[in-house]
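Features as listed in TrEMBL:
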ACT_SITE  A:Asp470  active site, 4-aspartylphosphate intermediate
BINDING   A:Asp470, A:Lys471, A:Thr472, A:Glu719, A:Phe762, A:Lys792, A:Arg832, A:Thr912, A:Gly913, A:Asp914, A:Arg1001, A:Lys1007, A:Asn1030, A:Asp1031  ATP binding site
BINDING   A:Asp470, A:Thr472, A:Asp1027, A:Asp1031  Mg(2+) binding site
COMPBIAS  A:573-587  compositional bias 'Basic and acidic residues'
COMPBIAS  A:596-608  compositional bias 'Polar residues'
COMPBIAS  A:647-662  compositional bias 'Basic and acidic residues'
DOMAIN    A:80-126  domain 'P-type ATPase N-terminal'
DOMAIN    A:1053-1303  domain 'P-type ATPase C-terminal'
REGION    A:1-23  region 'Disordered'
REGION    A:569-609  region 'Disordered'
REGION    A:639-663  region 'Disordered'
TRANSMEM  A:110-128  transmembrane segment
TRANSMEM  A:134-153  transmembrane segment
TRANSMEM  A:342-368  transmembrane segment
TRANSMEM  A:405-424  transmembrane segment
TRANSMEM  A:1087-1105  transmembrane segment
TRANSMEM  A:1117-1137  transmembrane segment
TRANSMEM  A:1167-1189  transmembrane segment
TRANSMEM  A:1196-1217  transmembrane segment
TRANSMEM  A:1223-1247  transmembrane segment
TRANSMEM  A:1275-1296  transmembrane segment
Amino acid sequence: MTPAASHKGHHRRTSSLWRPPTRPVLSNGAHLIREKAETSGRALKQLIPFSRWIFDRGPRTIEFRTIDPNNLPEAPPRYEQSNPKFATNRICTTKYSPLTFFPKNLFEQFHRLANVYFVFIVILNWEIGLYGRMLAPIPIVFVLAVTAIKDALEDYRRYKSDQKINHQTCRVWDSREKRYRKMFWKHILVGDFVHLSHDEIIPADMLLLRSSDPSGICYVETSNLDGETNLKQRVAIQAMAKYHSPTVPLEFSPENFNYKVIVEEPTEDLHRFEGRLEVPDGEPPLARENTLLSKNNVLLRGCMIKNTDFVEGLVIYAGSETKAMLNNSGTRYKRSSLEKLANWDIIWCVLILLILCLIGAVLSAVWVEQYKIPDQIPFLVQIFGVTGSNYPGRVDLWSEGWHNFLTFIIALQVMIPISLYVSIEIIKLGQIWLICNDSRLYYEKKDKKMECRALNIPEELGQIQYVMSDKTGTLTENQMIFRRCSVAGKDFGGMSVVSEESSAKPLKEGISRDRGLENLIITGLKNGESVTSTSPIVPLFLTMSICNTVVVNSKPHEDLMDEEGEIITSPLDKNKSQRDFGADKPKQQVHFAASDENQTPGRNTPDSLDSIELMEINTQETNDRNSLGSLKDVKEIETRFDEEEEKEIKEEKTEKKEETKTRRLPGILSKSPTSLLNLSSRLKNFTPFKRNSSKGTVSITSGESPPVLSFYDSESPDELALVEAAREYGVRLLKRHFDEIIVYTRTNSNQMRFKLLHTLAFDADRKRMSVIVREIRNNDSNREGPVVLLCKGADTTILPLLSEEFCTSEIGGDRVHMAQLHLSDYARQGLRTLCLVRKVLLEEEYQAWRAQHEEAELAVHGKEERIALSAASIEKDFELLGVTAIEDRLQDGVPECIQALREAGIQVWVLTGDKSETAINIAYSTRLFFDSMDLLNIQASGIRAVSDLIDLYLERTERRSTISTFGLVLNGPCLDCCFDPFNLDRFINLLKRCRSVLCCRSTPLQKAALVNLAKHHLKGKVLAIGDGANDVSMIQGADVGVGLSGQEGMQAVMASDYAMARFRFLAPLLLVHGHWCYNRLANTILYFFYKNAMFVFVIFWYQIFCGFSSQSNMDPFYLLVYNLLFTSVPPLLYGFLEQDASYDMLLENPAFYDAGRLGKKYKWYSFWLNMLDAVWQSAVVFWIAYGAYEHAKLDIWTLGTLQCAQLLLANSVHLALISQYWAWPLLLSLVGSIIFFCLFAAVYNLLPVWLITSMLNVADPPIMIFQRAVMMPRFWLVLLLSTVLCMTPRLTWIAIRNTYHPSRALVRRIETKEETQQSQSPTYSFNRERIEINNA
Amino acid sequence: MTDEIEQREEVPKSRKRTGKNQPVQDSKWRQQKLAAYRPVFNATSVFPWTTILGAIFLGIGILLFVTNLNAKEIVIDYTNCRNPNGSDVNEFIESNDGAFISLIERTEHEGETTLNCQFRINLTEDYFGNVKIYYGLRNFYQNTRGYVKSRSDIQLAAASPSDLLNTGDCGSDDSKDTIERDGENKTLVIAPCGKIAFSMFNDTFKLTYKDIIEVPLTTRGMVHETDMAKKFKNPPLPAGSSNLCDAFANTTKPKSWPAPICEIFSKSEAGQGFANKDFQVWMEPAALPHFRKIYRLLDREADIFSKGLPKGEYTLTITYNYPVEPGELNINKTFIIAIETWAGPKNLFLPIAYIIVGGVHLFISAALFGLYIRMRYKSD
């Protein structure tokens, strides 16, 4: 850009990725030792907080560190520089390294109580030796291994993402080659000089040394850090001011930076930074104020450079010491309510286990007691004989009982389902995988899948009772289009939205503006009107382009240095710059990897863009040629109209001159609304910020030539829409400086300059923003115009502030009246309205206010309130300029989705910041409200008034609760009154009676408060869905947070548990996946309880016949692997595959959702019913075998094999019975597990004796037991009988229940089946019924 | 049961794209559209099944019942053969049902008292077929945890002399014994060690037909010999020796045994040492406290008994070695002659259970059918 810049680029290299050499391994050992000492010093420092915590609770003193910049001309190798003692920029978010994985992972796993319990069992067994000491740890080792594998995979994923981040590149100063070179982020050291371009992400915390901006300013977007989307300003350090002087800037090179930087030790506080520069000896000293560094000088890692061509900075904290990383706390762990319920039942399991153990212990003692001379009883193997007492050989019953209690704990350990946790986790992973892969949740336009960020709460989706939705961007597209405006009592651009949509025209059609309005502007501008003119039209458009925080750039930000660190020598080469810009794009996609949209930047669609621009140019040319005035202009334009229209226009022309009558003209977008929509969507998808460009290639003869390109960045899409609309009408915001705004008017090719005196920023309480400007006429700073305050805001806050004088004047009163009419009209159409007002300030009035305001700005305490007060003191007595209406289109399928959710019994609350009329309108169009609904609108001021309203409505709902449903409309300000403890209870009562709730004008905090209210007072499961930063607190507060990856950046997605592309996906997500997940998990958990309990009860029945000696009737080996190998896969597959109703049926019948919403599948008694079933089945399994083999020859392991087979068969059939979806994998796994058991038993019984004895420690090795057992017909007879008898009660119960009270899904299924049957053969089914009845 | 097959039309395949973000694949697994049955369990669909099950079970039950008629067994409780008072000799006692009369005689031979009981068994019908002779114990808990464990399987399958000295889980008290041998006290490993072995059942039975013909009994087919050979092996003989006791040289006998393992079965036809079948049978713990273990099979090679045991009078002579305290312990000893069928020994439990369960299912069918009719009329 500056000619001097080119000298930096010495050479061109093809590939210059700079990989700094690592220290040679066999180098001087002293370095290593020194480095070790330093790093261990760092480790020690990390321990300091602990020591301080232990020894000293005094206030912390700030410690400082000194950073030497890495710019010495005789640079040592990088690894020998003095700064590596600080953390490098390599980040590592992985929990483990290959070396530490096992100890660390084990340590973490033992935080789970169940694992500790099972290790306790293993240790107990080691002492007592109930099972083989080698055998007992199998289950716990298996569970630990599976969890460890899962953790390892997750950690590997983190490692991959770390790698990706670490291998991003940026340009770092190489002091040897004296140029910037591309380098991986991970190689950046503290003290490095880094060069960043526009839209690049800051790799480490840096001190801003230099910016491309002459005033040393640079903008950063910090949304990655704190979620705020607005641009923040950062200033280069004072000491570098000489390089920023707007007059004669010195050329800066890192070599010139000869200070040491002293900064405080890293802290996680984002808003805190202390540091200073230190001048080494022999250098010219600095003024003290120039050495101070503040947080305004610091660029934090993770932020993005905006609106600045390039910056250069010095790394002060890197890697793990950056504020971003220090603030990066791990993911939240949410626990679902189903899991909580299950945990209660696990406690019941523990109780049952203890009771069984106690019974066993007592009865074992009683059993032993009956043998008076135990010494002589061969089978009484006493462990605690009392010696030396009067009764030699008597058993110490207490010790015996206690010992047996412990052995019973081991023998019955499976009562606590060890495999439950790991199975549930696997099932949840599988469910999430299925959700992510659902093609119906895939948004093809943006190539976006469903994204599940929380892994452990899929079943919560099935239990949602309240859905809290944001409106803008969630229900709507969040693509703002300026539709209409009301100015001077007239409505422009008016055509109903419906008719516009129906008359959609091809894209190529030139976009038309409201000609009438345009001509008015042209006239006004020609007449030299400006902000202070009496006609409101030109001031309105000026306000549209001035009163905002839009950041304008005359050109795309282009850095003279390319990615390789080379300096581009011909920056004005257009192709080159275009290529550069294009080259910037892929990088950007990396930065916004999470948004990974298939973006098409504006410049890639020249056709549509040019169509506007050429249009503009044409008009411009016409204007230039026909400098006579507007009349000819209009004629030119007229030629494009149809004959009939032409006539109208001619009429209108005369009308316009008189400016008395009002008339509607074709809307600016009426010709082709879709084309503009498409265009703007393409333009806006570019970044989280809106970006638009206008490009004119026509040279303009008069005045200063306006820049070729314009780029607008704004945090608010509304503002952008206004600025763009103003540009369309020929009032183009050209430049926006710190203190100066330049507007270019196309009509007279003039530049209007305004001195920006103050910006009173938007806040949610005031609901308006203002700028105070002074017009500078004719570029002559001596001729200053009056000071004008321009303000835009919501009508409710603005209209009361209109000046008395204006409202009472004839014209003014009329205008206000008309504006109000139009406002309600716009609101009815669901348009977002803004009132634009103006106030011309008298000089002395302004000066007085300025003094007061500056005082407020300097205030130490309560600064914000004072500024707000001061702003309020000037924002009054306005004069109405006009009203604008912006359309925000509804997303596809939103009404249907809300309808479905409502049918599912979910209460949908829409929480929006819009005004109530707009919001209510949207509510109707989204079917949140419908015509038969009784709307209760709480709109009053003051707690008492609100209280009265609540009382009134409560009465009303009581009276008519049976007749109609109610919708509640809340208002932000009233909401605070409702939350008052005085009103809260009745308010909650009222909320309970309303089907839908709409809350308008709510702040993010109020949204979060409502979520909390629903969670804690209405005791409901809340899902919050939103797309913007203002929804983050709501999303985080809810049980399930859903982020929409839409227009407003990634904050909502980052905070969410689930991220998806469209609102309408909510219906399948909840109604289908949520329903399934809940159903599956609830049943799986219950099944696990049943399965384990049954197993334990079978063992317990046997105790009656073995003297309660805790001998198990099954081979210990089966005992340990039964849950892990024989019966693990089918429940898992059940958890993945079960469908009580098909996808389509669930979508068509949202009412089925209440199974989960009301928690029908898992009630407190579900556990006990399953226990009861377990008792029955275990009794059947044991007693049938007992009866069949009583008094017969039967060795213990034959019985064990039989019992195990019985259990397995009963469990398998049971699972098939509760499943309503016999998918082939499930059936296969059921059959497979039985076959597997047989093979396992057969192979196991072939093992040599020494192996079984020494490894498994099974007494009397079961050689060929299984093979002999299956040869006996009795084995099969018992198996058949017990299996059938086990299932009889449940099958009968299910059959009776399905006949008397069939589930709705079943009814639907049978109905559809009958329908198809009837359609196939209508007479057949009729006949069959007849025959059946006759038979009866 | 009325099932329906998921009928779904094929969704058109979404086009594949390359790039970082793989679009969702349209597989049946991913889209959860696997082919599946959707079973419906209601009265309509279940009652045919319960009817069929009931019928089948009734059939099986009746079949078993008929089969069970062919199974025969006679159980002789000889616990009381030992008089509780222990003083009387040569006393006749009558069994409870009067089916037989027993004679107790106490003989003294070389200072050792042998108690013999004689029972007169009147077989009222022919016991044709494979006659099995069992001994039974009631209320003998061979399945308590400590008892089951108290053995050393390595020792029993002694593959080497060192294995013989392995005492496994026998417990310290039951694995070694100090005896006087060659004039000095030595602590030697007991073979076989453990409670099970110590308490081995050692009554012997002799059956004579018509007081003259001794019924031939055999050990063939008593146990699965190849299986047992894996579990029970005598230790290898030292080189040049043919005396089994040399192999057991470093061990001593269980205290309760009259002789070491190598000698105690010397008169038995069931094998020597660990290979003795009676020993092996005993060493297999019974699952339930009332159990029977095989004693011998009828040797049908002799002409008279080629078909089995013909009806008539038999005399059972029991050598009463195994001490039980009948009053206190409630342990009963029985002698059983049994003819088994394919469905097992005489036991009415399974036939009756099958008949009951079959009946229950038929009842359920009837109830469900009634319900079905009611619902049908109701809906009409």
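Any Cβ shown, glycine's included, is placed from N, Cα and C.
Just so you know, TrEMBL annotations are computer predictions that nobody has curated.
For the recorded site, A:Phe762 (ATP binding site), the DSSP three-state label reads strand. In terms of Cα spacing, the recorded positions A:Asp470, A:Phe762, A:Arg832, A:Gly913, A:Arg1001 that come within 10 Å of A:Asp1031 (Mg(2+) binding site) are A:Asp470. Between the C-alpha atoms of A:Asp1027 (Mg(2+) binding site) and A:Arg832 (ATP binding site), the distance comes to 18 Å.
Following the DSSP three-state reduction, the secondary structure of A:Arg832 (ATP binding site) is strand. For the domain 'P-type ATPase N-terminal' (A:80-126), residue counts in helix, strand and coil come to 27 helix, 0 strand, 20 coil, using DSSP.
Within the same chain, residues at least 6 positions away in sequence whose Cβ sits under 8 Å from that of A:Arg832 (ATP binding site) are A:Met480, A:Asp718, A:Ala885, A:Ile886, A:Glu887, A:Asp888, A:Asp914, A:Thr918.
The transmembrane segment (A:1223-1247) shares more Cβ pairs under 8 Å with A:1117-1137 than with any other stretch in the list A:110-128, A:134-153, A:342-368, A:1117-1137, A:1167-1189. A:Gly913 (ATP binding site) is 9 Å away from A:Asp470 (active site, 4-aspartylphosphate intermediate) when you measure Cα to Cα. If you draw a 10 Å sphere around the CB of A:Arg1001 (ATP binding site), it holds 23 other CB atoms from the protein chains shown.
Below 8 A, the CB atoms of the transmembrane segment (A:1275-1296) and the transmembrane segment (A:1167-1189) form 3+ pairs separated by six or more positions in the chain. Residues near A:Thr472 (ATP binding site) in space but far in sequence (CB under 8 A, at least 6 apart, same chain), listed by position: A:Asn478, A:Asp888, A:Thr912, A:Gly913, A:Asp914, A:Asp1027, A:Gly1028. The stretches the transmembrane segment (A:1167-1189) and the transmembrane segment (A:1196-1217) are in mutual contact, each linked to the other by at least three Cβ pairs under 8 Å (pairs 6 or more apart in sequence).
All chains included, 23 other C-beta atoms sit within 10 angstroms of the C-beta of A:Gly913 (ATP binding site). Non-local neighbours of the transmembrane segment (A:1117-1137) in the same chain are 131, 135-136, 138-139, 142-143, 414, 417-419, 423-424, 426-427, 430-431, 434, 1080-1081, 1083-1084, 1087-1088, 1091-1092, 1095, 1099, 1200-1201, 1204, 1207-1208, 1211-1212, 1215, 1219, 1221, 1223, 1225-1226, 1229-1230, 1232-1233, 1236-1237, 1240-1241, 1244, 1256, 1258; each lies 6+ residues outside the stretch with a CB under 8 Å from one of its CB atoms. In this chain, the transmembrane segment (A:405-424) touches the transmembrane segment (A:342-368); three or more CB pairs sit within less than 8 A of each other, excluding pairs fewer than 6 residues apart. Long-range contacts of the transmembrane segment (A:110-128) within the same chain, counting only residues at least 6 positions beyond its ends with a Cβ under 8 Å from a Cβ of the stretch, are 136-137, 139-140, 143-144, 346, 403, 406-407, 409-410, 413, 416, 418, 421.
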